[in-house]
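One structure coming up, written as structure tokens, with questions to follow.
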């Protein structure tokens, strides 16, 4: 095995040196044919690279400035007080930013990290490792940068925080630009990618709704990894470029894994794409297996630095990569030409799948894990393999991001002309890849260099990878609308690459067998003309809309929530514990710093159970039951939200009170209709009536149009 690995390394070095030697010779021959000097070509290439990089960086910076301007116009951040700014962070976003605030308030960074890893001041009766449980590495980095850069006297913490996120979105767009540029050979494709990305911003990013969400921190690094991987998979790459791409893939893969707890699932989809690419012998096996090693290293380092995160050990990514490495070892140790080696080649895919499933099953047996069990239960119910009355599962199923995508989604992509061109490009690439696979099965080798006149775009490994990857992501997006934020950016990139690539048009003309016009000339003309026409039409239709978004005066103001937070800070005892919906508790924790009984965290079984129990304040249960639940979590104050209590949802059966009635068995079906029935009235309604027994357990201390605050009595008074 060591000899085989040594041969592999030696072969790789030889390939690098050969390609480095061959490249200048080939270029000199081409230059002599065209009558160009090497100096002229060098200037031309430098100018192309310079203006392309300038366009990529400018696009990213302009997008970041656009986001910042839009955010200012939407929330009027600069004219708000600190409390009003913080209220704009809703749900889990509020929790992430609250921990960033705590880090800045700590006497030292080390003390701040210790308090987060041993946090007992956020959730009553519970000590959590907030860094591990909520993946707070972005907040750790932001706080270090803020203090180390001496920004305390220059910029407010909130502006610094959202500025980093907007900057990362700029890097995201730049990485997509570079990816389409590398694939097509023209930075015109990058410009079109950015245009489509911004126009379809509703479906490409969640930055408008949740700035601190983990994917907004993580996906820019994944985009950088994909850009580097695209370059790394290219044929005839010189050694220095290959090493640069390899290092960038390594760094961005590990960073991506540290930024988002679900990153290993997305990397698993990418690993499956590379596995299929390698199985059909459409890429250099050595390069693909180097990427597998990067996965292994990132998983190991992530496990150690994420407080021995067992979710990484039982992840399908680890099982798949281990199976692929093991299968590779078996192939290397098998004598070539023997019956067993041929059988192993035929059964390769089946062997890898079998080993992957076996390893994953064994790891789950021996490694204690609880982190992502609720995801498996959710998938069972989502796929119709199981039914449940569980409140949490049904609540997740009702979330818009976990529904199938609506028709409006496809309509928006079609109106921007993105979907039609994506389908066209995908069909051409898919047919070309199918032809290449058929040739490989027939024993025809791949060409070392694919020329424009060949019309074989399916022989380029980076193109095949993106085709497989976008199909896999698209399949997931068709099931869950939330996955569109992973798929649509790469739809923009692939569609832009296709219409700007002469090779794609040449592949199409080869099939059509054009004779009237020279196909190469027509391919070059169309690769410039089509994106130019698309660009002008997008500019004419969508540029005025984008400008109107920036000039339109919007106002986000929630006076009821501001009044509630002000009352809590002025009137509530410092040691008070508040109970209510998890989303509101996140805002209370951020704006006041008071302890709460639950949080919008969905990767912990105990917190999920807490959320379900506290949501019972909107169910049809007795005052005594609710009192026992709240006092079991040491809550002192209860907050009823009128928007949940009197919710009139568009989908009946998905309102919080409907889901609670189903879970509690308070639903009666008669003649096809369902009715909620219980001997008790709905608690959130009954408590407002101020009669016994509710007044015995709870005393109203504050209310406004949206919120009713009750003190939970420690001494129960049974008065009529």
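Backbone N, Cα and C define each Cβ position, glycine as well.
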Between the candidate ranges 380-399, 460-479, 520-539, where does TrEMBL place the transmembrane segment annotation?
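When 380-399, 460-479, 520-539 are checked in TrEMBL, transmembrane segment belongs to 520-539.
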Looking at 210-232, 233-255, 486-508, which one is transmembrane segment according to TrEMBL?
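In TrEMBL, residues 486-508 carry the label transmembrane segment.
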Counting only CB pairs under 8 A, let me know which of 49-70, 181-199, 265-283, 303-326, 520-539 has the most with the transmembrane segment (419-442).
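It is 265-283, which has the most Cβ pairs under 8 Å.
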Sequence-remote contacts (6 or more beyond its ends) of the transmembrane segment (347-367), Cβ cut-off under 8 Å?
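Cβ under 8 Å, 6 or more out: 275, 279, 310, 313-314, 316, 318-320, 322-324, 326-327, 330-331.
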Counting Cβ pairs closer than 8 Å, which of 49-70, 486-508, 520-539 has the most of them with the transmembrane segment (181-199)?
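Stretch with maximum Cβ contacts: 486-508.
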